[in-house]
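As structure tokens, the structure follows; a few thoughts come after it.
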Amino acid sequence: MRNSLYSVSFEDAIQTIGGHHRYQKLLVALVSGIWAIQAFFIISLKFSLISPTLECSVNSDDCCKTIYKIAETSPYNAAREWDLVCDDKYKIDLINVCFYAGLGIGIFLLSWLANAWGRKPVIFTCLICAAVSLIAACLSVSAEFFMGCCMAIGFFIGGIYMTCLAYLIEAVSIKFRGLYTGAIFVAWGCGMLLMSLFSLLVDSWRIQFIVIAFFDISMTPIVFKFHESPRFLAANRGKYSKARYILNNIAHINSQQPFVEMLEGEKVIGYQEDHSISTSSQPSDSTQSSRKYSFIPISKGIVSVTEAELKNVKHYSYIDLCRLQSVRAEYAIIFMLFFLLGLSDLTDSQLAPSYLENNYINQSIISAIEILAYAGTVFSLGKMGRQVGLLITFGITGLSLLIALAFSQNKCSTNAFCAINTYVSKLLLSISRLGICGSKLIILIMINEKFPTSIRSLSLGGLGVAIIAASLLYPQTIIFFAKSKMSPMLGIGILMLFGSVISCMVTETKDKPMEDYVEEEKEEMKNPVDISNLEIQPAENNSLNHQNENFQQLNEEQ
């Protein structure tokens, strides 16, 4: 039967073995490094697709209608190498769309694999495949081949991005989830900043791709040394014995006491023991029982689990996110928020102000703003809840864009007034960037806290559909704004304010334990299960007595 009365949740188990100790600090360092490497590619791709500057043979507003040549001052990037100008300039946007589409598809499919196979194998495989795709991109001889390679790279980065997040947050105790998640987001921003500065020294996109591939490969042996998520092993695979083994290994690394309790959802079996009763020491009550029923977890080796029993572990799919009554309403709200955020992020990146003429320095400033946004959001989340955080970040983004639009369209009478308008507009656009980054961090923290381990990777993977939809609708959105003569700042500002209203419908998750099973599955755990398929292994009396000593707190007198 399923143990429900004496079980210990994984939240308590992680707290027991140390949820903020050496193992977790090493793990956050690993995930931060992996995320920073993926951010390297995001910036390298952006620089490789900067449109070259054209020099016209005659004075003209449109060089494409005259004889032109590419200015020598333009960086020798992929766009310049394949002359992605004039009639072929659309390929730059198409490459970006393909990358983000690949990112969404990767998040969707590889998160499903992570929910079935495990977090660690997916991360390990994606790092290798991303490195191979980067090398293939270096060998590109055409924009079309480069486009396909970028889509493949985005596919594997998507798997790395979401799976690493779940892998980390499942190993951390309740008080430090926000801090650790914020740390890897700050590492993402630092990766963007470092690549921006590195591009100042090495402007060859092929060399940059090779360096990123080298870093991806170098992380694989380190990933191999870490344990699989014990939460995943128990909730998704039913391997409680292995989960217990990993918990004790982590406890050893953290210099904590070994874990000896029974885990929530763990299958147990009861057996009777005869106890001799001394008439001199026991009362002569007719209701006094001379038998004790002890409950021993299967994973301790008392009972072997047959192949048929292992197949009874519930495996969920994306369809279950719509079927499960306990999660579908909340997930629909978060999905909508993430879609609005993705569409706003793509549009806002095009509205990013130019602080300096140098593209590399300008991107460095934008990266520093994102680092500030992530760090500030983490600090604020310690004092306010996730729901309030979403309300504020979405609202700030929407208001900043609308006010920036008002300043940009304000007619100025003097040069000084125009300079003030420009300065205020840039400041407001920077604030909108802060809000978008903060919203992204809060949503990803919330979705990990809100949805149980058995469907956590699926809930993250479903966001890939939102990214795909946003990347495909983004060009159409820009065309719609152009035809309707509406400013993108107005449209995105309204969408973000709408998202701020929707965020009020999300329930709070701050300081709440992460669940491992959906409510429907917990109901099944309360009922006895058929143990006809369980094979009792013979055990000596001494062995049984030894097991009983470790589980005295689980004994039930009848």
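Our numbering is plain: 1 for the first residue shown, then up by one each step along the chain.
Cβ coordinates are placed from backbone N, Cα and C, and glycine is handled just like the others.
TrEMBL annotations:
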TRANSMEM  26-45  transmembrane segment
TRANSMEM  94-114  transmembrane segment
TRANSMEM  121-139  transmembrane segment
TRANSMEM  145-168  transmembrane segment
TRANSMEM  180-201  transmembrane segment
TRANSMEM  207-224  transmembrane segment
TRANSMEM  327-344  transmembrane segment
TRANSMEM  364-381  transmembrane segment
TRANSMEM  388-407  transmembrane segment
TRANSMEM  427-447  transmembrane segment
TRANSMEM  459-482  transmembrane segment
TRANSMEM  488-507  transmembrane segment
REGION    539-558  region 'Disordered'
COMPBIAS  545-558  compositional bias 'Low complexity'
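The stretch in 94-114, 180-201, 207-224, 364-381 that contributes the largest number of Cβ pairs under 8 Å to the transmembrane segment (388-407) is 364-381. Counting residues 6+ beyond its ends, the transmembrane segment (327-344) has Cβ neighbours under 8 Å at 321, 390, 394, 397, 436, 439-440, 443, 446-447, 450-451, 455, 459, 462-463, 465-467, 469-471, 473-474, 477, 492, 495-496, 498-499, 502-503, 505-507, 518 in the same chain.
When Cβ-Cβ distances below 8 Å are used as the criterion, the transmembrane segment (459-482) is approached by residues 93, 97, 100-101, 103-112, 114-115, 158, 162-163, 165-166, 318, 321, 327, 331, 335, 338-339, 342-343, 345-347, 350, 444, 447-448, 450-451, 488, 491 of the same chain, each at least six residues removed from its ends. As a quick check, the transmembrane segment (364-381) and the transmembrane segment (180-201) clear the bar of 3 or more Cβ pairs under 8 A, pairs 6 or more apart, so the two touch. When each of 94-114, 121-139, 145-168 is checked for Cβ pairs under 8 Å to the transmembrane segment (207-224), 121-139 comes out on top. A contact between the transmembrane segment (94-114) and the transmembrane segment (145-168) is present, since 3 or more of their C-beta pairs, 6 or more residues apart, lie under 8 Å.
Same-chain residues lying 6+ beyond the ends of the transmembrane segment (145-168) with a Cβ under 8 Å from its Cβ atoms: 27-28, 31, 34-35, 38, 41, 45, 78, 82, 91, 94-95, 98-111, 113-114, 119-120, 122-123, 126-127, 129-130, 133-134, 136-137, 180-181, 184, 229, 444, 448, 456-457, 460-461, 463-464, 467.
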